[in-house]
Amino acid sequence: MVKPKIALIGGGQIGNSIAHLAAMRELGNVIMFDIKDGLAQGKCLDIAQAAPISNFDVQLCGSNDISCIAGADIVVVTAGIPRKPGMTREDLIEINARIMVTVAEGIKTHAPESIVIVLSNPLDAMVTLCQKITGFPTQRIMGMAGVLDSARFASFIAWELGVSVRDVNAMVLGGHGDAMVPIVRFANVNGIPALELLKNKYGDEDKARQVMAGLVERTQDAGGEVVHLLQTGSAFISPATSAIAMVEAVIHDQKRLLPVCAMLDGQFGISGYYVGVPCILGVGGVERIVEFELTEDEQALLDHSVGEVKKLVDSLPL
């Protein structure tokens, strides 16, 4: 049986972590491209030499020639500069847009049948640019943001309540920025609303809502919190793990319902923009966008978030 080919564009910390996770889970053979001489080759060689210890058997290969991605089933794009302290994701747009144009042209030429997952920031703008340059059907171009943002929200809820993160479900919609929209009423611990458990903990509804508001705010700034602590870069393990969840859903046709940055065509009252929404992911990519009724407050927050996305997208060289 021919193993799937997973192409990684960008050999930084996120790309390296994705390569390691993909190999450990034996999701397919991994090819990594980076423009820096020897970087992708060295990182793939390092991971490959761990195979006898970790007991995985896939091929890993690095290259400085983007034609190496030819025939890829999935392309994961992490190329671009990371955030530094004091920077927002939006501050990255000018330089990362130039990088994305080159990357997208390479994907269009060498992997025209692939499904593409973009992680480069500012995410919503970069996935839009990638789709415009490649011209791929929108269901084959998506961004990773909501999986990570939702995991962060779930983690903060679990830590606050003192429960296992395995039992917490949470969902974040909208753009991958400070205006992202954690959906509080959907946050639960094995079906019990998180707000109810906060009320039980504090014995006061107002206090519970105040604490939840703090968790929402921390979720919105979670990436910045990591950047501030690291000082020299941004998060890489959690974004890579989030990307792997999406890669696995596509490769194994899992039909997973995950929050994905997808192109909307009227859903949630939004058309023509990539926005984080619940999607069914399978072998066809974004196979279905799952729409549900928002409250007035939730819709207002989502509209505001989309407004921020529009500002970014409208500044792109399209």
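Cβ coordinates come from backbone N, Cα and C, glycine included.
What Swiss-Prot records for Gly10, Gly11, Gly12, Gln13, Ile14, Gly15, Asp34, Asn96, Leu119, Ser120, Asn121 is NAD(+) binding site, and it gives sequence analysis as the kind of evidence. Within 10 Å of the C-beta of Leu119 (NAD(+) binding site) there are 28 other C-beta atoms, taking all protein chains into account.
Its Cβ placed at the centre, Arg83 (substrate binding site) has 21 other Cβ atoms within 10 Å. Residues or ranges marked as substrate binding site in Swiss-Prot: Arg83, Arg89, Asn121, Arg152.
The DSSP secondary structure for His176 (active site, proton acceptor) is coil. Positions annotated as active site, proton acceptor by Swiss-Prot: His176.
Gly12 (NAD(+) binding site) counts 20 other C-beta atoms within 10 Å of its own C-beta, drawing on all protein chains shown. Secondary structure from DSSP puts Leu119 (NAD(+) binding site) in coil. Within the set Gly10, Gly11, Gly12, Gln13, Ile14, Gly15, Asp34, Asn96, Leu119, Ser120, Asn121 that the record links to NAD(+), no two Cα atoms are more than 17 Å apart, and one pair reaches that distance. Cα-Cα distance from Arg152 (substrate binding site) to His176 (active site, proton acceptor): 13 Å (rounded to the nearest whole number).
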